[in-house]
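Under the heading transmembrane segment, Swiss-Prot lists 4-24, 28-48, 113-133, 138-158, 183-203, 216-236, 290-310, 325-345, 385-405, 588-608, 655-675, 686-706 (among others), citing sequence analysis as support.
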Amino acid sequence: MTTIILLAPLLGALIGGFGWRLITEKGALVVTTGLLFLSCILSWVVFLTLPAETQHIHLLDWIRSGALDTSWGIRLDRLTAIMLIVVTTVSALVHLYSWGYMAHDENWTHHEAYKARFFAYLSFFTFAMLMLVTSDNLVQMFFGWEGVGVASYLLIGFYYKKPSANAAAIKAFVVNRVGDFGFALGIMGLFFLTDSIDMDVIFASAPELAKTELHFLAWEFNAANLLAVLLFIGAMGKSAQLFLHTWLPDAMEGPTPVSALIHAATMVTAGVFLVCRMSPLFEYAPEAKMMVVYVGAVTAFFAATVGLVQNDIKRVIAYSTCSQLGYMFVAAGSGVYSVAMFHLLTHAFFKAMLFLGAGSVIHAMHHEQDMRNYGGLRKKIPFTFAIMMIGTLAITGVGIPFFSIGGVPVGFAGYLSKDAIIESAFASGNGFAFYVLVAAAGMTSFYSWRLIFLTFYGEARGDHHKHDHAHESPAVMLAPLALLAVGSVLAGMVWYHSFFGDKVASFFNLPAAAHGEAHGTEHATEGHVPEAAMTAEAAHEAAMAGTMAMAEPAAEHAVAKAPQGAIFMAETNHVIHDAHGVPDWVKLSPFGAMVTGFFFAWLYYIGDKPLPGRTARALPGLYRFLLNKWYFDELFDLLFVNPAKSLGRKLWKGGDGAVIDGAINGLALGWIPFFTRVAGRIQSGYLFHYAFAMVLGIVALMFWVVRTGGMN
């Protein structure tokens, strides 16, 4: 069954890409979409019937060279099953949605065949992503990692006639190569120290790696920390974390369904999946985990600030994605890998829905993407408005504080997963991450409601012809939105106990003794007061200190074999347990931030509409700083792009032009004609000239014989 899940999208890609002329373009759409829905249904069957123990499915032998013995296999555990349903569900719905969205694309003429190629690219991406998440060794994972990079390049640059789309595709490809270089170095380092790229061998070797020093770039590093950092650099590139994030907003040049599939729900979460998959290594690398926390927290804050002032509806959601990925990395770095996966799952539902909902708005407004030209659309496209409202309630974290049913808090999906991350950040003792994430939650609420108010409320702005002809999307586009809306509302409550409650150990097949059974409700933690929650004052001081609860290595708890379970939590890791005992003000803080963000968004865009303009004029430097995305693109142009172009130009003009071409052209146009002219003068045609030359030759030959001793 798992093999069918993996290979069905590949079959669809091959048929759609190469066989569409035989089965027609519509036939290719039917085949690719049908195979994706088959893969999706089987993925849910696997997820709901998954046995406790990890399964290893051998497909074929792959690479055998010296100590490297690599097979192609499938690692099936709870982590894999979660990613299977995320990837295949979103991909299947995006395929269905694209039937309507790509039906009449203005970037192509009526006679151009583009749909089969687009659907083939989508299916190929899905196969590469499935190869990544099912891999049983790091080389296979790297091939899937690079496969999604290639598919992303093809899909971002799908409108290859647009220079901006080509530039965005190249930018995404190049920036990701920086992160991939770190990932490759991490794989090589692990193979160098363990003689294996098999995950179970690496996991079993993690305690020894924590005791090993590795010489790298003229310095000595702890091997576990160094290798975990290198792997995380790869995750930073793929998941668009700070410094390697610049490709993600530009990737919105691709078709909107691509944004929903790749840049919201699947490819960008590969980095989070990598950190969670390698949790047995990260648990022995406290400095690397601290780096993950700080990078994630700063990214969440940075992207939220930029999202405050963006005007392109897709770019607002893109920066929202970047920010939410930061939340996931904070959870993973804090050691609560199940919570990171919880937010990954819920985020996939509401972010894919927001992107597809934005696509419905763009479709209604005849491909207008500037929110300043929207307004009053809730009456024109009521179903899309309802969908976008649900997505906004989910991403901003709307719920009922301190109210639960059966131990499950009541709220939209983002309320449960995002609040779990913020509470875990506080419980880990990292005050910096806690306060930064709360601030980011407030800004998330502001820009999300700003999008709603600018798009659906107020008077119509911009081209009145577009407003007059705005219409609801076809049913084939609205049906996927409705299904995603169900997940955006219910996913958090349905799986709360499994990811953050009293079923974590059984759900992820963790030995209870390794970390203590997580207590999923406040009632279950009565009588247990974690150190970080003894008093509100003590908790506040601990948070401000910014010390990590997991800062001490866990090497003393070494195990001789690969740890049991889809994720690994060391015995010293009690963060998920302590998170349920944090003070009430900590639990209320993200809700307060959400309400504050909503209030200011209403004030700026409903209550006092001239206020945004007055604020921008009063703070022009800050406004331009945020509008220009902290000037990261300009900084990278100054430090890397322009020097690289200058060096390339010098090598082209001076190296290729002057040296290589100069040598060849100089030989062809200079020396050869010179010797030709000399030879031409010698060939005079007079007999006595040739006789004189022969005499000179004989004299020279005799002189050489005498000087060298003749025959001796």
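Numbering starts at 1 and runs along the chain as displayed.
Even glycines carry a Cβ here, placed using N, Cα and C.
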### Message
For the transmembrane segment (588-608), give me same-chain residues lying six or more residues beyond its boundaries with a C-beta closer than 8 angstroms to one of its C-beta atoms, as numbers and ranges.
### Response
396-399, 401-402, 418-419, 422, 437-439, 441-450, 453-454, 457-458, 615
### Task
Could you name the stretch, out of 28-48, 183-203, 216-236, 385-405, with the greatest number of CB pairs under 8 A to the transmembrane segment (138-158)?
183-203
### Message
Quick test of the contact rule: Cβ under 8 Å, at least six residues beyond the ends. What residues does that give for the transmembrane segment (385-405)?
### Response
320, 324, 346, 349-351, 353-354, 357-358, 360-361, 377-378, 411-416, 418-419, 441, 444-445, 448-449, 451-452, 455-456, 478, 481-482, 485, 488-489, 521-522, 584, 587-588, 590-591, 594, 597-598
